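Down below is the structure, laid out as structure tokens.
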Amino acid sequence: MSSLKVSQQDKKWVNSGSVAILAYCASSILMTITNKVVMSDRTFNMNFLLLFIQSLVCVITLLVLKVLGSVNFRSFNKTDARNWFPISICLVLMIFTSSKSLQYLSVPVYTIFKNLTIIVIAYGEVLFFGSSVGNMELGSFALMIVSSLIAAHGDYLHSVERLKKMLGPNVSFSFIVNIGYFWIAANCFASALFVLLMRKRIQVTNFKDFDTMFYNNVLSLPLLLLGSYLFEDWSQENLLPHVDIDNLSTMIISGLASVAISYCSGWCVRVTSSTTYSMVGALNKLPIALTGFLFNDAARNLSSAASILLGFASGIIYAVAKQKKLQNSEKI
């Protein structure tokens, strides 16, 4: 049995979709901003190590809370681990591609392009769960795509101008600028696969929030450590500049932030649906994007403003469409 130990009167809000959505919004803002702080240095090349530290902090925090009696979740066993391992592989792919995206893209552009994940998930739910996509939803998807194209245009121009000042006008910028879009595209598909498989596996295993959180992170540890050992430079010259006291402190803080996002992700998927979970993230992009303007690499131009507003509008349209579909199904 996995549970947050609360009183009888508090059980109502623990199972409330609106409370889960608000908690997910707050934790996703915290996670995005803390990861951007860590990844803002383009020379940072220890992504797997960063993700390993985040997952390790999350696992240690959970175990400490369990010992203190604040939370309860299933003990580790081989059967559950074997059933959940494919989800952990998807999680590693999702968080790695997310960290690489944040390394090359500004927070506003990153959050806008994450909208495209919703389209992939929506059609994934058609295949996996027999849901349908209506005309209003298609309209919101079209707005998401348009907002992403506008954001990409404004960000490209801003990035080229910034790189010209840094590297000189004679350097080719196409690879440097476009690599971020490759990583965000990979992240969209990895995120969709993770959410869809997790929802299906939760139905099979009857995992609760802390079970999901514990197994997601503990099974990721060997994968992340192996990835760091195989693909990252562990020489003293490379390791010391990236793992000094300031960077290590920020990594630990981002690990604590990952505790919140790990729990709230599983919580939100359990009490709502995987598409609603992703749509909330899309609606949440407005405060995330505005917060992202605190960073110097975020483009402040008309394209950025238009893309954010269009993306936000697409979220509202989608939410209305889902509400109408729910009301129609209740009438039948």
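Each Cβ is built from the backbone N, Cα and C atoms, and glycine gets one as well.
Here Swiss-Prot flags 1-12 (among others) as topological domain 'Cytoplasmic', drawing on similarity to another entry.
The transmembrane segment annotation in Swiss-Prot covers 13-33 (among others).
If you look up Swiss-Prot, you'll see 34-47 (among others) marked as topological domain 'Lumenal', on the strength of similarity to another entry.
Distant neighbours of the transmembrane segment (48-68): 38-39, 92, 95-96, 99, 210, 213-214, 217-218, 220-221, 224-225, 227-228, 231-232, 242-243, 248, 251-252, 254-256, 258-259, 262; these residues of the same chain sit at least 6 beyond its ends, with a Cβ under 8 Å from one of its Cβ atoms. The transmembrane segment annotation in Swiss-Prot covers 48-68 (among others).
Here Swiss-Prot flags 69-84 (among others) as topological domain 'Cytoplasmic'. For the topological domain 'Cytoplasmic' (69-84), the DSSP-based tally of helix, strand and coil residues reads 7 helix, 2 strand, 7 coil.
Tertiary neighbourhood of the transmembrane segment (85-105): same-chain residues 32, 35-36, 39, 42, 44, 47-48, 50-51, 54, 113, 155, 176, 179-181, 183-184, 186-187, 190-191, 193-194, 197-198, 201, 215-216, 219-220, 223-224, 227, selected by CB-CB distance under 8 Å and a gap of 6+ residues from either end. Annotated transmembrane segment per Swiss-Prot: 85-105 (among others), in sequence order.
Residues or ranges marked as transmembrane segment in Swiss-Prot: 109-129 (among others).
The transmembrane segment annotation in Swiss-Prot covers 132-152 (among others), and the record cites sequence analysis as its basis. Away from its own ends, the transmembrane segment (132-152) comes close to residues 108-109, 112-113, 115-116, 118-119, 122-123, 126, 181, 282, 303-304, 306-308, 310-311, 313-315, 317-318, 320-322, 324-325 of its chain (Cβ-Cβ under 8 Å, at least six residues beyond either end).
Residues annotated as topological domain 'Lumenal' in Swiss-Prot, with similarity to another entry given as evidence: 153-174 (among others).
What Swiss-Prot records for Asn170 (among others) is N-linked glycosylation site.
Swiss-Prot lists 175-195 (among others) with the feature transmembrane segment, giving sequence analysis as the kind of evidence.
For the topological domain 'Cytoplasmic' (196-211), the DSSP counts in helix, strand and coil order read 13 helix, 0 strand, 3 coil. Annotated topological domain 'Cytoplasmic' per Swiss-Prot: 196-211 (among others), in sequence order, evidence recorded as similarity to another entry.
When Cβ-Cβ distances below 8 Å are used as the criterion, the transmembrane segment (212-232) is approached by residues 2, 45-49, 51-52, 55-56, 58-59, 62, 73-74, 76, 80-81, 84-85, 87-89, 91-92, 95-96, 198, 202, 258-259, 262-263, 266, 270 of the same chain, each at least six residues removed from its ends. The transmembrane segment annotation in Swiss-Prot covers 212-232 (among others) and is backed by sequence analysis.
Break the topological domain 'Lumenal' (233-248) down by DSSP state and the numbers are 11 helix, 0 strand, 5 coil. Annotation comment: Swiss-Prot describes 233-248 (among others) as topological domain 'Lumenal', evidence class similarity to another entry.
Positions annotated as N-linked glycosylation site by Swiss-Prot, on the basis of sequence analysis: Asn247 (among others).
The transmembrane segment annotation in Swiss-Prot covers 249-269 (among others) and rests on sequence analysis.
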Counting across all protein chains shown, how many other Cβ atoms sit within 10 Å of the Cβ of Asn247 (N-linked glycosylation site)?
17
